[in-house]
Structures are given as C-alpha cells and as structure tokens.
Amino acid sequence: MGAHAWLFLGLAVAGLLALALWAGSLGDRDPFDQTVYEDTIVKFGVTASMFWGIAGFLVGLIIALQLAFPNIFYFEQLGWTNFGRLRPLHTSAVIFAFGGNVLLATSFYVVQRTCRTRLAGGMWPWFVFWGYNLFIVIAGTGYLMGVTQSKEYAEPEWYADLWLTIVWVAYLLVFLGTIWKRKEPHIYVANWFYLSFIVTIAMLHIVNNLTLPVTLTGSKSYQLFGGVQDALTQWWYGHNAVGFFLTTGFLAIMYYFIPKRVQRPVYSYRLSIVHFWSLIFIYIWAGPHHLHYTALPQWAQTLGMTFSVMLWMPSWGGMINGVMTLSGAWDRLRTDPVVRMMVVALAFYGMSTFEGPLMSVRAVNALSHYTEWGIAHVHSGSMGWVGFISFGALYCATQWLWKRPSLYSLKLVEWHFWLATIGILFYIVAMYFAGILEGLMWRAYNEYGFLEYSFVETVEAKHISYIIRALGGSLYLTGALIMAYNLVRTALGHGAAAEGTRPVDAPAAATLQPAE
C-alpha cells in the first residue's frame, strides 16, 4: 500500500479509537441526553472553520505571490512547494475545509434551535465532524505528495472519496434524524436549504468519483468515464459543487443568521419557498456552460446556457429577500458591522449571480473563457458572498455559543470589514482588467491574419494585475487574522449567561416564524 494510503488508515484507526475512548470517559453523562443542546461540537466546528480559513487564505496568498514573482517559494528539490500542488491545496482548504466546517457547525447549530431538540445519533455527530476533518487532512497531504486524480474540486483519490462518502451519509442521517424528532411542527426554510445541500452533494460526489483502483493496496485509480462524458460529468459536479455547496448551504446561513441578528422575521416566507424550489430545479442543469467551444455537443452547451440564464431570477429573489429582511431595522447597517458584513455578502451574491448567467452566454463566453475574468468571477463570489456570510455567522455563533453579551470589540469587526472589502475590490478589479485585456489580446490579429501577440506577451501584460491581486489577498488575510483574535478574546471573555440552551424550556424564536 502507498505511503499516503497507510497514513490515511493509521489516522482513521487512531481517530476512531480516540472517539471511543472519549465516549467511554463521559462516565454517567448520557450522550443521548435530550435536555440540552449539543453545542460543544458546534464550538469545535467554529474553531476548525477559523483555523482552516486562515490556512487556506495563507496558501492562496503564497500562490498569488508565486504567479507575480515565480521564483518565490520555489525550491527545485521540494516538489510540494510547486504551484501545481499548492493550487488545489488552496481551493480545497477554502472551499471544503473552511466552507465545509462553517456549514457543519452552522447546520448543527441551526437545526437544533429551529427543531427545539438535540442532535440525533448520540456520538454520530462527533464521528461526522472528526471524520470530515480527517478527510481534509488526507486530501491536503495527498496534494502535496502528488496523490491526485486531477479533477478540479475533486482531486482526492479513491480511498479518500470512499471515506468521505461514509462520513457524508452519517451527516445526512444525523440531520434527518434531528428533523424527524423535532418538537417544532414547522420545518424552517433554512433546514430545507441545508438538506438540499447535503443530499445533492452526496449524489454529485458519488457519480463524479466512480473510479477503478489499480490495486486495493495502492492510491492510483482510473475514472469510470472517459472523453467528453468524463468532462460533462466533471462539470456537472464542478458547477453544482458551487451551486449546492457554496450557494444553497450558505443561503441557509443567510435565512437564519440575518433574521436572528436583526431580530426581524424573514421579509417574505412565501418568496423563500419559491426561491428554494426554483433554485433546486434549475441549478442542477447549468453545468455544461463550463464547456462552451469544446467537443461537447452543441445541444448540451445550449441547454446549459439556457438554464444558466434562467438562474438569474431565483438567485436575485433570494438576495432581495435577505436584504429586505432589514426592513424596519436599516439603522443596524450603521451601528452593527456584523449585519453590514452579511448585507454586503448579499450584494456580492447578487453581483455574482448576475455575472454567472451573463458569462454563460456563448458570445460573452468567447471572450471570458480561460481568462482571468473567470478568476475574478469566482473570487467575487467566494471572498465576497461565501467569505462575508461565513464571517458574519462565525461572529454571531461565537457570541451566542460562549454566552457573551457582545463581541470583544466591534471596532475590530469594523477593521476586518474594511480591510476585507478593500482587499476584495483590489483582487477582483485587477483580475477583471487582466481577464478582459487577456481575452482581447488573444483575439487580436495583424494585417496578415496572424496573431498580434505571443502568449508570453499576454502573460507579461498581466504582471501588474498579479501584484495588485496579491496585495488584495494580503489585506483579506489580515482581516481574517483580526477576526480570529477577536473571536478568541470573545470566547475567553466574561459575559452574561444567555437563555435558550435547553430545548425543553426554549420557546420557538419569534423571528423565525413566517412573515406571511
């Protein structure tokens, strides 16, 4: 068996033994006790989210500097420092480690409060948390060692994928079990979005990672699909990983944390239901727009483009619903930087979900495809929408979980907000400029019908944009470090005890009831 597979096996066995020993150390405490919420695991999730977020942002800054100054962090004898290995480490750390732990923590927090019951499954939520983070470690170390199946956002090899499938099924059962034994008759809309994210990601992960291992004792495998079928399956997965991991999951966060923070009901509960079902139906079909001008059949490209354009309206419906939830509490934008951060997240969500359908149109895609424009689009959504709504949720959850009357410092939240916002603007403006310039240079011909610019000239033209991007990334990372300091000080501080830790005593929150 390969060294990396042995590492995985050792960590899995050690983790399961540690979990069993920890369960045995509980003594008289019943892990199935329904009189209190299981908040310890949520605290672990918040802590893991912040750790992985900073790690992912740091690796992103390193590879941004590598693109601007290629000799930085490059050592010929150390392959694990190469851009080709660090880039998937960055994407997986930010999407699956940071984003995934935010979703685990918030889903466990929200489903307990909105169902007024403890997490189902006893020790199973702990298995989900530690099993998922074991997957992150195995995937990340595999990238650095060159163990990868070379599929974007799906790089881990077969044994890591198999482990994640087991963990994810356990996650689904815990979430469904909690909803099943709820004491609140109504299933709040945030749980709909969480459940759709869990179910759809399971389907996408299983189908896209159907592989045949070369041996059962080695790490190498080959895809079950090939050629254009493999490409279509990959971008069915890749697009919907964005659609259901980075969109519906974080919309669930929006539908809970914004109303709770501003103490207002959702603007239109009816709109949230329309938003949910239209998004679920349309999003799954939009993946082929990633394969314009390829060997994919024209009808499939057109189908993907059509559904992508249709996505604009339900996406903006959700954005409007979130923003209008502040009706009657607009002053909170001025007085509460956490609320401001979450509303700006919605603004970036609106911008990204308008730009996505625009870029799916073949005429626009002819200019934007394969250029830095795509990088700008992805990061306006990931840094602006996913990042800011996650930061807002972590600020809220830390204050509520550790029962503090307020955060350690709202002034530090202000600093975080402005540093991150300026960092995003530096990043995306530089990449939009570089992408459009790059696309136009690729399309330029001279009077003889030859290309006007060589490839190296197009790279040279982007150099200043790469430097500005690295500057923007450094500002964003600095803001995240300030946030980590603020959260640690909040958790270690002293505050008044908060109500609502016992589901048998806690009434359903009025702000979570339908507004219509």
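Indices start at 1 and increase along the chain as displayed.
For all residues, glycine too, the Cβ spot is worked out from N, Cα and C.
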| remark: Per TrEMBL: Cu cation is bound by His289, His290, and from His205, His239 the site also lists His239
| Other than its close neighbours in sequence, what residues sit by the transmembrane segment (89-111), given a CB gap under 8 Å and a spacing of at least six beyond its ends? | 38-39, 41-42, 44-46, 48-49, 52-53, 55-57, 59-60, 63, 119, 125, 128-129, 132-133, 136, 139-140, 143-144, 152-153, 155, 171, 175, 178-179, 188, 190-191, 194, 197-198, 241, 245-246, 249-250, 252-253, 256-257, 382, 386, 390, 393-394, 397, 401
| message | Across the domain 'Cytochrome oxidase subunit I profile' (1-516), what does the mean pLDDT come to, as a whole number? | response | 89
| Cβ under 8 Å to the transmembrane segment (464-488), counting only same-chain residues 6 or more beyond its ends: which ones? | 46, 50, 53-54, 57-58, 60-61, 64-65, 67-68, 372, 383, 387, 391, 394-395, 398, 407-409, 412-413, 415-417, 419-420, 422-431, 433-434
| What is the separation, in Å, between the Cα atoms of His289 (Cu cation binding site) and His379 (heme b 1; low-spin binding site)? | 18
| query | Between 44-69, 192-216, 269-286, 306-326, 417-444, who has the most Cβ pairs under 8 Å to the transmembrane segment (123-146)? | reply | 44-69
| note | Other C-beta atoms within 10 angstroms of the C-beta of His289 (Cu cation binding site) total 27
